Amino acid sequence: MIDINLLRADKGGDPEIVRESQRKRGASVELVDEIIALDQEWVSVSFQRNQLRKEKNSLSKQFGIAKRNKTPTDELAAQISVVGKQLEELEAREIVLITQRDAKLGKVGNLVYHDVPVSQTEDDNEVVRTFGECRVPEEGETLLNHVYLLERLGATDTYRGSRTAGNRGYYLTGPGVMLNMALIQYGLQFLGGRGFTPVQTPFMMRKDAMAKVAQLEQFDEELYKVSGEGDDKYLIATSEQTICAFHMEETLSQESLPVRYAGYSTCFRKECGRHGIDTLGIFRIHQFEKIEQFMITDTESSWEAQSEMITNSEEFYQSLNIPYRVINIVSGELNNAAAKKLDLEAWFPGGAQFRELVSCSNCLDYQSRRLGIRSDKGKAFVHMLNSTLSATERTICAIVENNQTKDGVVVPEALRPFMGGVDFLPFVQVSRTEEKMKKEAKGKRGKK
């Protein structure tokens with residue numbers, strides 16, 4: 001959440017800056033004024049409570065003196081009782097006010113960074129730079145999509161997967177498993193060489209911990225709930241969530257910063273808001289593996305860290321020879337935690353479009369404030385950043401589309417050491433989905 005002092009003019013804050021940030025996001029500006037009203041009432045009640053507490057302490061001292069002197073105490077006892085009840089009422093009101101205030105404060109987004117494009121439509125995302133030549137079909141050539149290619153390779157089985165696991169279920173088989181494991185090993189080695197410490201995180205989080213790192217709507221649209229003995233838990237949607245909580249309620253030494261983690265985990269997402277989108281193949285699935293970059297910095301270094309992280313992601317995909325573009329995401333598409341987000345979108349020649357592989361966000365102190373993670377330098381809340389290196393199943397989709405031939409798929413040179421030296425994956429069967437689509441298309445033509 002943001003610092004409440006940003007909304008306190010008497011503490012040097014400027015509420016209009018927060019209002020303007022909310023406008024850029026297309027979010028509620030009225031929410032800011034509601035928080036200010038609750039905070040002002042809380043400050044007033046807190047002051048009254050402190051004054052009453054002092055009064056009660058003074059009366060209690062007088063009561064003790066009177067009792068020792070054996071003078072009448074009835075009037076003092078009555079006063080203490082009245083003040084005590086008033087104090088209880090104020091303390092109860094204080095709790096209600098701060099609970100309401102902080103609940104609303106948690107819904108206000110981070111301050112949008114000055115160079116983020118202001119728009120409510122992703123069509124206005126700013127292209128920052130590009131890499132590589134986008135492959136297009138040569139004369140007489142047909143470039144296939146990843147769904148057909150992976151089935152031809154014998155790398156996926158989504159028919160048995162959906163029969164077993166339901167919608168978006170899948171099996172990786174043969175070369176699909178080998179490519180996935182190669183990307184995991186290569187990704188960890190790649191980041192390890194850049195000073196990142198590998199971390200394999202829990203796949204589940206307690207609700208109270210998840211609430212500190214996830215937005216409220218994620219609980220309904222994205223997160224799977226796991227019920228069992230004791231506390232209910234939630235399956236993680238990204239290792240960013242568990243790594244965020246790694247240093248919860250800790251103070252980090254200034255000398256230890258920046259901290260760099262390479263998170264590895266299986267991730268789980270309900271994709272409720274994506275009904276009917278990317279239902280074929282393994283591009284958008286409920287369960288996938290991901291290598292995540294995560295950095296913790298002091299308050300002065302986070303923008304430099306974001307540049308470092310997006311550069312890492314770019315050089316990773318350059319090493320796989322996958323064409324891409326980096327885009328600066330518009331203000332209206334930022335999640336609440338991000339002050340700025342850069343996406344890396346790879347070129348998918350089978351569909352002739354760019355598609356997201358990487359999201360790189362600077363969250364400033366938005367997450368650390370709720371998690372209670374500080375630096376020992378002035379007790380300032382640290383800055384936290386996250387960036388995908390590789391959601392491996394998506395990366396596989398990009399690899400096969402960009403490296404397809406008429407007979408199979410060329411393995412990127414960087415992955416060959418992790419695949420026993422294999423440099424080419426041949427087609428071994430027909431694509432079940434491809435054949436189904438051809439039959440459906442033929443049937444439609446026949447009806448005409």
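Every residue, even glycine, has its Cβ placed from backbone N, Cα and C.
Copied from TrEMBL, the annotated features are:
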DOMAIN    145-412  domain 'Aminoacyl-transfer RNA synthetases class-II family profile'
BINDING   Thr238, Arg269, Glu292, Asn386  L-serine binding site
BINDING   Arg269, Lys270, Glu271, Glu356, Leu357, Val358, Ser359  ATP binding site
SITE      Thr388  site 'Important for serine binding'
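Location within the structure of each feature annotated in TrEMBL.
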residue	record	contacts (Cβ under 8 Å, 6+ apart)
Thr238	L-serine binding site	Ser265, Cys267, Lys290, Glu292, Asn386
Arg269	L-serine binding site	Glu222, Leu223, Ala237, His286
Lys270	ATP binding site	Glu221, Glu222, Leu223, Tyr224, His286
Glu271	ATP binding site	Arg168, Glu222, Arg284, His286
Glu356	ATP binding site	Asp343, Leu344, Glu345
Val358	ATP binding site	Ile310, Ser313, Tyr317, Asp343, Leu344, Ser387, Thr388, Leu389
Ser359	ATP binding site	Lys341, Leu342, Asp343, Asn386, Ser387, Thr388
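A simple way to gauge crowding: the CB of Asn386 (L-serine binding site) has 27 other CB atoms within 10 angstroms, across all the protein chains here. The DSSP secondary structure for Thr238 (L-serine binding site) is coil. Residue pairs drawn from Thr238, Arg269, Glu292, Asn386, the listed L-serine binders, are separated by up to 18 Å at the Cα level. Secondary structure from DSSP puts Lys270 (ATP binding site) in coil. In the structure as shown, the Cβ atom of Glu292 (L-serine binding site) sits within 10 Å of 27 other Cβ atoms. Here the domain 'Aminoacyl-transfer RNA synthetases class-II family profile' (145-412) has a mean pLDDT of 95 out of 100.
Shown in sequence order, Tyr317, Tyr324, Leu344, Glu345, Ala346, Thr388, Ser390, Ala391, Arg394, Thr395, Ala398 are the residues of the chain, 6+ apart in sequence, with a C-beta less than 8 angstroms from the C-beta of Leu357 (ATP binding site). Using the Cβ center of Thr238, Arg269, Glu292, Asn386 for L-serine, the list of other same-chain residues with Cβ within 8 Å runs, in sequence order, Ile236, Ala237, Ser239, Glu240, Gln241, Gly263, Cys267, Lys290, Thr388.
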